[in-house]
Each structure stands twice: as structure tokens, then as C-alpha cells.
Amino acid sequence: MPSELKVLHIVLVLLYTLSSSTYNSNGNWTLEGSAADNSIGDTILTNTKKHSCGQTFNNESIPIKDSSFSFHFLFGIVPEHTQSGSHGMSFVISPTAGLPGASSDQYLGLFNETTNGKSSNHVIAIELDIQKDQEFGDIDDNHVAMVMRLSIVYSHPDQQLNVTLFPAEIPVPPRKPLLSLNRDLSPYFLEEMYYGYTASTGSIGAFHYMLSSYATPKVENPTWEFIVVPTLPPYPKKSSDRTKKILAVCLTLAVFAVFVASGICFVFYTRHKKVKEVLEEWEIQYGPHRFAYKELLNATKDFKEKQLLGKGGFGQVFKGTLPGSNAEIAVKRTSHDSRQGMSEFLAEISTIGRLRHPNLVRLLGYCRHKENLYLVYDFTPNGSLDKYLDRNENQERLTWEQRFKIIKDVASALLHLHQEWVQIIIHRDIKPANVLIDHEMNARIGDFGLAKLYDQGLDPQTSRVAGTFGYIAPELLRTGRATTSTDVYAFGLVMLEVVCGRRMIERRAPENEEVLVDWILELWESGKLFDAAEESIRQEQNRGEIELLLKLGLLCAHHTELIRPNMSAVMQILNGVSQLPDNLLDVVRAENLRGMPETSIEVLLGLNLYSVGTMTLTNSFLSHGR
């Protein structure tokens, strides 16, 4: 078995005892197969040759039928490998002085596939097997004859066969045998038979040594003091094999080293190529800090999927943490098929990068790598406003105070973009998804990917229709021109959604409530405007502010551009500096300015004159919608 194969020299003793004579092992022996005598008189049954077998038989027959006998023998096994053995050897009693046609491997030089298992063979053998063969029903893989002496004693009167094992260094065998068999062996024997030894190898070589034998006329366990256990030579190692192994190992190590070196060079090359950046001339004029692409890779963990915050037509947004400062950031990466290209990218970094307002998402910097464009913003942990509009039972509902503040924050940001900064900026994509909420529940406008920059005093109109369906003003669809008034239209819809706690289009709502603007106007006309607010905030102490925002939202979302107020007027109403007149419902109902009562026109004039100062009536109507 494997643990005992660690002992290279396996030595046992064979002594043969017969009732009629004493037999000397130096008598006439026949050698077959790989068997050969060595220089010291021992018989070597097998050697380094694989899948071979050897036999040695005494040429003198012995009378054995109806007789008692004892066999004791000394042999040694030196396997090729210390952790695994070959197949083993056997002591055999045969009708002939040899077993022609025997096979190697598991057949041990005794039989072959045809002769194995036939009782007519009259072959009796004791296996000294060092490998378990399931097909022959081996009792286990701890085989006898590996590191022990073996005595085989058969008493014909008692019809008992005993097999005893004990260490080679002990001269006296133990009294208790390892195996005992009560059976009459006479039917298996002929009158005259021969005895000998066989051995075989498989895919692993082994030296099987037959060392000595003799006979005595009685059944007994003799003493072994006169037996000298020889020292067997180790299994030979061919220098050529050793050289081949050394060369193979060296070659393998050399190939591995070349492979590793090539891999390292490739990684460094691709990594360098991956993070290599080119600075264009147009980038010099823009103020925001340019981030190294490698820095963004580290911050976003190579833009892993688990860092993804969202994806839209503009591209993807990833969460990241800047190394060193541990500041949380949001990185917007434009996708290859994004609607946002270089022109929009330049517009964004040229505008928001210079803007500083508490209700605008701060642009920290940008990066450009290959075909991708990156914008780095402050991270807003509470996400976007749209998630608070979903009627999900698990979603925390906003209080009225939070809603009112969010509306004022968005209005303040738009006022800054439209009128307070040195240049007029049209956002063009105001919607709940672009209103981000920070950790203190402050609202900030983000995603300036569709923003357009114009010098103050020039015609602030564009020819490209952009935005999100549902939030696009009617005139923008007709003319394709975006103005500050189109931003006001979208803001009015957002205001109504925040107060009502729902989307402007609700397919699951009753038919008369599907379109938010129409439903609110219907409630207002029936004197139930307060019922449009979300139930969780519908408290009497909030009635005045709720109805104010609903009316203002309808005014801002009016389908006629000239009827909408500008953001300056909106902020004054929200701050209580200005009030909406009582007859505002007539203004909201009006299709256009023609045919509108004079008092209603005066209402519009009043709203817009707050923001345009000393402008004339005509200029007021022309300029409020920038």
C-alpha cells in the first residue's frame, strides 16, 4: 500500500519444509521471462522493464498430495517510486515447472485472461500483491509480503492452513497467525507438483528479489537467527532520465518566465494605452479642473456595474470616491450612441463649470478619453426627485414643508440661469429626474447636457428640438425654438407633480384624472382645487400654500407662451412679495391673448412688470420669455 511503499527495501523470508526431505535453494531452478540471477546468487524476477513478468521454478517435483507442509521465504521488493508500487509477486505450487502464456500486470505472471479462475489448472498460489485489483476481489490494499516475513503452514490431519506475518528483524514468529483457513487442500493437489515464484510489473517498474529457501521433514516454525537480512540496492536512476527531467524543468521555467514577462509588458502597454490622454487646444480655455482618466478609473473601480447609478439617453452615471479625499462623486460617461456629443459636452463644461449656486449641481471637473466624455459632479445621496413621485408603499413620502422648499429651490436655480448670471442659460430638460436631492433634502438642478449658452442681449433661441416628451412646450414642437419660457412650462408641470404626488400622465387613474393639468383645472372650476393635492399633505393649515402652488403651476404650464410668467415673477409670488389676483382662473382658461378681458391682460402685465422694471408694455411681453 502507498504508506508502506515509503520503505524501499521490502524483505521477507521463505523457508520450505516437507515431511520427506530437506531442500536447498541452490538446487536446479528454471528461469522464465524477465527472471535472472544476480552476482550474489539471488534471483531477480522483474526489473525496470514495464509490463513484464518473470518466473522461477524448482525443477524437482515434490510429493505433496495428502501431506502437510510449511513454506517460509525471504524476498525483497524495491519499487520505482516510493509513493506507489507495481503489482507484486506470488508463491505458487503448480503441476508444471513453469506457467507458459502467463500475463503481467494484475495477473502476476500466473495466468492470463483465458486461464484465470479455472479449477482445472491445479495451481495454488499465495499472492504477495502490492496493488489492489478490484476484479480479483482483493480483500484490501494493505497487502502481505510488503514489509513482513511470511510463513505458510498447512496441517493435513487438521486440514488447516495458517499464514503468519511478522517483521523481518524478528527471529521468532508470533503465535497467532494473520489468516487461517479450515479446508482440505488435497483435491487441489496432484501426486507430484512443483513450486516456484512469479512476479510482474505494470506501468511502474519494480525489482522483485527471491533471496533463499530450504526444506525440513516436519511441520514447524523454525527459528531465524541464522538468517542474515541483506541490504538491497536502490532502484537505479538513469542519468539520461535525470538529464531529461532537468532539461524539461528548465525549459518549462524558461517558457513560463518568457510568458510572464510578456504578460507584464502587455499589461503595462495596454494600461498605458488605456489611460493615455491627449489635451486639445479647445480645452485650455475652459476653467473646470480636468481629471486624469486613471483617477476616475480608481474612483469608480474601473466603472464596475455595481457602481452604476443610472442610464439614459445621455449615457451612464457611476458613483465614485476620489482617492485621498474620500469625497463621493458622480461621474457621467457618455455612451458611444449617446445623443450628447462634443458640442453639448463643450457647452456643459463652459457653463455649469463656471456656475456657482446652491441649487445647481456643482461640476467638479471633466475628463476626455478616446471617444468617451466624462463629467464629474458632487454626489447627491438621496437621488432624484422622480422616485418620490412613484406611488410605492415602501417609498417615504415628502412632507409639505419639504415639497414647498424643493419647488422654491428649483425656481431659484432657474432664475439664476435665466436672469441673474452674466449669460442666459436655457436648460431645456427640466423634469423630476434632473432634480437631485442632497443629504439635507435641498433640491439641485443637474444634467446640463442639453443646456444652451447665449450672450446676454443676443437672440436666445436654438433650432434643435430637445428635451423629454411630456415636458416639451407646445411652441417648441411647432417651431423647434427653445426659450426661457419653455423652461418655465416644464417647471410648471414639475410643480404640479410635486404638490399632487403623481406623474402628469397616470394611465391607471380614472379617465377624468389621467391628464394632471386637465384634472386640476376641472377641480378648480368646480371649487375643489384643494382636493388635487396628495392626501398625505392635505391639511387645512397648508390650504393657502397648496392652492397657491397649484394655481401658479397651471399658469406656468399654460399652452400659450405669452401667458406664462417669467422666473422673476414666479420667485416673487413664492416668496410672498407678489400675489396672484382673484380672477386668475380667467387667465388660465384663455386660449390666447386675443379676446381676453382687459382686466386679465392687466393681471399678466402686473406679473411681468415686477421682473422687467421700467420696460414698456411691448418689451415686457417680448422679453419675459427669453
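Backbone N, Cα and C atoms are what each Cβ position is placed from, and that goes for glycine too.
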**Item:** Per Swiss-Prot, the candidate from Asn162, Asn298 carrying the annotation N-linked glycosylation site
**Value:** Asn162
**Request:** Name the residue among Asn112, Asn566 that Swiss-Prot annotates as N-linked glycosylation site.
**Result:** Asn112
**Asked** Based on the annotations in Swiss-Prot, which residue of Asn59, Asn382 is described as N-linked glycosylation site?
**Response** Asn59
**Item:** Least surrounded among the glycosylation sites, given as Asn28, Asn59, Asn112, Asn162, when other CB atoms within 10 Å are counted
**Value:** Asn28
**Prompt:** What Cα-Cα separation, expressed in whole Å, is found between Asp429 (active site, proton acceptor) and Asn59 (N-linked glycosylation site)?
**Reply:** 109
**Prompt:** Which whole-number value in Å describes the distance between the Cα atoms of Val317 (ATP binding site) and Asn112 (N-linked glycosylation site)?
**Reply:** 75
**Request:** Round to a whole number and give the Cα-to-Cα distance in Å for the pair Asn28 (N-linked glycosylation site) and Leu309 (ATP binding site).
**Result:** 93
**Complete:** Across the domain 'Protein kinase' (303-562), the model's average pLDDT, rounded to a whole number, is 84
**Length of the line joining the Cα atoms of Leu309 (ATP binding site) and Asn162 (N-linked glycosylation site), in Å** = 82
**Fill in**
Cβ contacts within 10 Å for Lys311 (ATP binding site), all chains included, total 12
